[in-house]
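Data first, discussion second: the structure below is written as structure tokens.
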């Protein structure tokens, strides 16, 4: 109901953004509040999303046994539970973090529940693009909890995680193609075909690789992050290009792209948490002049 896998993934990205901004000077109370508060907000969004999606979930093999579909738990109870989680999560962020971190959490929540779940997912091929913003909010909330300002580092994180969401989501849409088609959800592979979806996956991974490299180039992380982002992004890109091989098994290929997307973003979140740059260190761009 609250999708623990999604919550855990967001915890890693929140921690990555927080520790990147903290630069070794970690306020444990603030970090814990950011992690718990954002996790509750994400859990709230997932629970309410299940209420909204119960009609289309009934048509999909992957989701047809959710409690909101089977009636095991009344929809009203799930909705009340989700709202309670949201109130608690936003309250923690309001009490312990700052206005900017709270604002990003609120905007991300509204976009996911109000814009994506209620309308875009069902009606537009651009639903994935809109939803990618919400998926990119957690590391920015973690980062802004420390800094209290929207600087270049926060902007890079927002763009980087938004770009990552696209090939990750398109890969899911390919290996779950039959589910999305049955529910008449206009994700890119269903609405415009596999060829276009494959192209978008490759292009988004390429741009993601370039944007990820901006963190070390702008002085927010060091050489270790640059090495990890180059290695993982190039491997992911090479894997995506295999989709153009003659006779490729699209289901298997999409699962590989999806699986490595999780490895990539986890590796980058952990590395940026450890390889932050302190003020006395020079950005990589200044070292190559």
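For all residues, glycine too, the Cβ spot is worked out from N, Cα and C.
Feature annotations, courtesy of Swiss-Prot:
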- 4-24: transmembrane segment (TRANSMEM)
- 28-48: transmembrane segment (TRANSMEM)
- 66-86: transmembrane segment (TRANSMEM)
- 99-118: transmembrane segment (TRANSMEM)
- 124-144: transmembrane segment (TRANSMEM)
- 155-175: transmembrane segment (TRANSMEM)
- 199-219: transmembrane segment (TRANSMEM)
- 221-241: transmembrane segment (TRANSMEM)
- 256-276: transmembrane segment (TRANSMEM)
When counting Cβ pairs under 8 Å to the transmembrane segment (4-24), the leader among 66-86, 99-118, 124-144, 199-219, 256-276: 256-276
Two-stretch contact, the transmembrane segment (256-276) and the transmembrane segment (155-175), at least three Cβ pairs under 8 Å: yes
